[in-house]
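Trainee: I grabbed these lines from TrEMBL:
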- T15, G16, S17, I18, N129, E131, G215: NADPH binding site (BINDING)
- K130, S156, E157, S186, H209, S222, N227, K228, E231: 1-deoxy-D-xylulose 5-phosphate binding site (BINDING)
- D155, E157, E231: Mn(2+) binding site (BINDING)
- 9-137: domain '1-deoxy-D-xylulose 5-phosphate reductoisomerase N-terminal' (DOMAIN)
- 151-239: domain '1-deoxy-D-xylulose 5-phosphate reductoisomerase C-terminal' (DOMAIN)
- 271-387: domain 'DXP reductoisomerase C-terminal' (DOMAIN)
Amino acid sequence: MSQPALQRITVLGSTGSIGKSTLEVIAKHPERYHVYALTAHTSKEALLAQCKVHRPVVAVLDHPADAAWLQQALLASGLSIEVLAGPEALCRVSREVSVDTVMAAIVGAAGLLPALAAAESGKRVLLANKEALVMSGALFMDAVARSGATLLPIDSEHNAIYQCLPLEHRGGLRQHGVRQLLLTASGGPFRGWSAESIATVTPEQACNHPNWSMGRKISVDSATLMNKGLELIEACWLFDATPDQIQVVVHPQSVIHSMVAYDDGSVIAQLGNPDMRTPIAYGLSWPERIDAGVETLDLFQVARLDFEAPDEMRFPCLRLAREAMLMGGAAPAILNAANEVAVDAFLDKRLGFSDIAAVVANVMAEPYDGRADTLEQILAADQWAREHAALIIQQQVA
Ligand SMILES: NC(=O)C1=CN([C@@H]2O[C@H](COP(=O)(O)OP(=O)(O)OC[C@H]3O[C@@H](n4cnc5c(N)ncnc54)[C@H](OP(=O)(O)O)[C@@H]3O)[C@@H](O)[C@H]2O)C=CC1
Ligand SMILES: CC(=O)[C@@H](O)[C@H](O)COP(=O)(O)O
Ligand SMILES: [Mn+2]
């Protein structure tokens, strides 16, 4: 058997939940994958530890003082690794000519520019950072098409749908006999709770996802169902679908990661343990399969699979996201930015849980007359929404 081609990889957000899982899978296959760059925001000790194990060529931190600290610590450990600082360095390690694959696993809008840089440079882009696509869907997909990049979804639901679709699904789902995409949702930690109980939950409760271990921002998004809203927009762009072709199905066990319904009545599903190493390994090795270190699903232990409709009255964020996608233009970027500001405020205990949806709804209700065709316009809409959300939160607190 021939040796697989070696992939040189940049892991954006390597100190996060997805970043760490990515490095676990990479470490199992040293003959296939070499790390080119590792990046973090402020977690310098964690990045130092990762550098010692994975020996990247470059490491990136946000602040120059942190980068200087890391450079010193690496030299003291006898490691010659180049350390860079700042957002432009993230784009540089995404674009680097010798890099084949970029794992885009920075959380939030901060991940947009380096993910886009990878898409524009024709890389294999492993996209976990759903906010990038929500903000810049048309622009991002256009960059992929023009550069010939290979875009592989890492978000578990989209990875599942990708696995359930025919190989060539581009250019419309209908012509491939696809009737609907069934996007599964766990329902989050507050599924079935009354509106009154939901209103008083703490960040710790919101971050305690029933099935997945994830970063704090996405955990809160799962709890409000904004995660499913962002994923609906993400699916529209990835699979060239309209919101009405996507049905959200609450499935509390998170064992079916999503499904595709076909014209002949077939429903094809992808199942597995709720462990992100599976979609990560799929993205790394596609079109082959590698060991991800994940056990085969024990169906006898799962025993039952439940399904219900999402409750958009108690969890309005899903409806807000669908409306943003239907509005188009800058609306998804505005939704995303307002949500990021509101989630930050909730995690800081400056805002109640139910106020997250209220802040997003209020920002979306404000008239915005800008377009969202260019990156500059998208970033302007993002900035506008952040300012409005901050103002609304300030007024609520005052
Ligand atoms: N976790 C999961 O299971 C899933 C996550 N996703 C998506 O993947 C992305 C990452 O999620 P997750 O791993 O949970 O997030 P985490 O919060 O665990 O990790 C985020 C990573 O991004 C870095 N980062 C944060 N802010 C910045 C910034 N301003 N500039 C540069 N780097 C930054 C962090 O560095 P530092 O450590 O220094 O803060 C960290 O490495 C999100 O978009 C999420 O929606 C999608 C599906 C599943
Ligand atoms: C693992 C993953 O992809 C997350 O986005 C997960 O789906 C969150 O779960 P819910 O949003 O369905 O609660
Ligand atoms: Mn998901």
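A Cβ is built for glycine as well, from the same backbone N, Cα and C atoms used for every other residue.
No curator has checked TrEMBL annotations; they are predicted automatically.
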Trainee: Can you give the mean pLDDT for the domain '1-deoxy-D-xylulose 5-phosphate reductoisomerase C-terminal' (151-239), rounded to a whole number?
Mentor: 95
Trainee: For I18 (NADPH binding site), what residues in its own chain, 6 or more apart in sequence, show a Cβ-Cβ distance under 8 Å?
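Mentor: Long-range Cβ contacts: M103, A105, A128, I154, G215, M276, I280.
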Trainee: How many other Cβ atoms sit within 10 Å of the Cβ of S17 (NADPH binding site)?
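Mentor: Its Cβ has 19 other Cβ atoms within 10 Å.
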Trainee: Restricting to the same chain and to sequence separations of six or more, state which residues have a Cβ under 8 Å from that of N129 (NADPH binding site).
Mentor: L12, G13, A104, A105, I106, V107, G108, G111, L112, A115
Trainee: Which one is it: of the binding-site residues T15, N227, which Cβ has the fewest other Cβ atoms within 10 Å in this structure?
Mentor: T15
Trainee: Take the C-alpha atoms of N227 (1-deoxy-D-xylulose 5-phosphate binding site) and E131 (NADPH binding site) and report the distance between them in angstrom, rounded.
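Mentor: About 10 Å separates the two Cα atoms.
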Trainee: Around the Mn(2+) site (D155, E157, E231), what further same-chain residues have their C-beta within 8 angstroms of the site's C-beta centre?
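Mentor: Nearby residues not in the site list: K130, P153, S156, H158, N159, L183, N227, K228, E234, A235, S258.
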Trainee: If the 1-deoxy-D-xylulose 5-phosphate site is taken as the center of the Cβ atoms of K130, S156, E157, S186, H209, S222, N227, K228, E231, which further residues of that chain fall within 8 Å of it by their Cβ?
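Mentor: Other same-chain residues near the 1-deoxy-D-xylulose 5-phosphate site: D155, A185, W212, I218, D221.
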Trainee: Between D155 (Mn(2+) binding site) and E131 (NADPH binding site), how many Å separate their Cα atoms?
Mentor: 11
Trainee: Cα-Cα, whole number of Å: E157 (1-deoxy-D-xylulose 5-phosphate binding site) versus E131 (NADPH binding site)?
Mentor: 15
